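According to TrEMBL, the protein has these features:
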TRANSMEM  6-30  transmembrane segment
TRANSMEM  42-60  transmembrane segment
TRANSMEM  80-97  transmembrane segment
TRANSMEM  109-126  transmembrane segment
TRANSMEM  141-160  transmembrane segment
TRANSMEM  167-186  transmembrane segment
Amino acid sequence: MPGTEFQWLAVVFGMLTGLGVTRLLSGVVATLRSRATSKIDWLPLIWSASLFLMLLEYWWSTYSLKSLINVWTYNEFLRLLVSPLLLFFSAALILPVHELKAGETHQEVFESHGHWALLGFSAYYAEYFWEAARYWDNQWFSGWGVFMVVIILLPIIAFFSSRRVHLVIATAVLVIQVLGISVDFGELQDVRF
């Protein structure tokens with residue numbers, strides 16, 4: 001598919017990614033506005049920072065799909081649509097979109113609704129694991145593969161863990177993402193649009 005035709009497909013990926021970023025930032029604003037009603041819970045904000053980085057990384061990686069996929073089919077398009085959908089659903093769940101009402105707390109809202117976004121995180125990482133092996137030739141049975149399995153499992157473990165363990169895992173995932181971006185930064189600079 002010529003580059004101009006790829007742009008039509010990239011619009012859908014970009015639209016879903018943009019909606020996810022918008023939803024996530026709206027949730028952060030609602031959280032900050034609710035600070036008079038309820039004490040801010042840092043746990044969902046840490047996960048939100050990770051999700052923000054995931055959304056940006058996904059958006060950045062879509063550019064390389066133009067050169068990695070020679071023949072675009074509808075099935076290929078649908079397969080690749082899973083990632084931005086998972087990211088959007090995670091963004092929609094992680095933080096409330098409205099200011100909290102009297103009596104609501106950020107911790108209760110996260111524990112009843114927001115923590116379900118963690119399953120979306122794991123599903124996204126699993127989808128990324130498959131895509132990276134398929135399109136970028138990353139090896140499943142390698143150090144990278146073991147690392148990805150750990151990253152897939154961490155949000156699931158956090159989902160079922162105590163709050164203290166959950167906070168440690170959320171922080172670890174964010175640190176891993178920041179370090180991963182720092183390591184890959186040289187490669188990111190080499191991409192020309």
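Glycine residues also receive a Cβ, built from the backbone N, Cα and C atoms like all the rest.
TrEMBL labels come from automatic prediction, so no person has curated them.
For each listed feature, how buried is it and what is near it?
The list of residues near the transmembrane segment (6-30) in space but at least 6 beyond its ends in sequence, with Cβ under 8 angstroms from a Cβ of it, reads 45, 48, 51-52, 55-56, 58-59, 62-63, 65-66, 72, 77, 80-81, 84-85, 87-88, 90-92, 94-100.
Long-range contacts of the transmembrane segment (167-186) within its own chain (CB-CB distance under 8 A, at least 6 residues past either end) are made by residues 42-43, 46-47, 49-50, 53-54, 57, 151, 154-155, 157-158, 161.
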Six or more residues beyond either end and a Cβ under 8 Å away: which residues meet both conditions relative to the transmembrane segment (80-97)?
12-13, 16-17, 19-21, 23-24, 26-28, 30-31, 34, 44-45, 47-48, 51, 54-55, 58, 65, 109-110, 113-114, 116-118, 120-121, 123-124, 127-128, 131
Mind checking which residues of the chain, 6+ beyond the ends of the transmembrane segment (109-126), have their Cβ under 8 Å from one of its Cβ atoms?
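Same-chain contacts beyond the ends: 41, 43-44, 47, 50-51, 54, 83, 86-87, 89-96, 100, 148, 151-156, 158-159.
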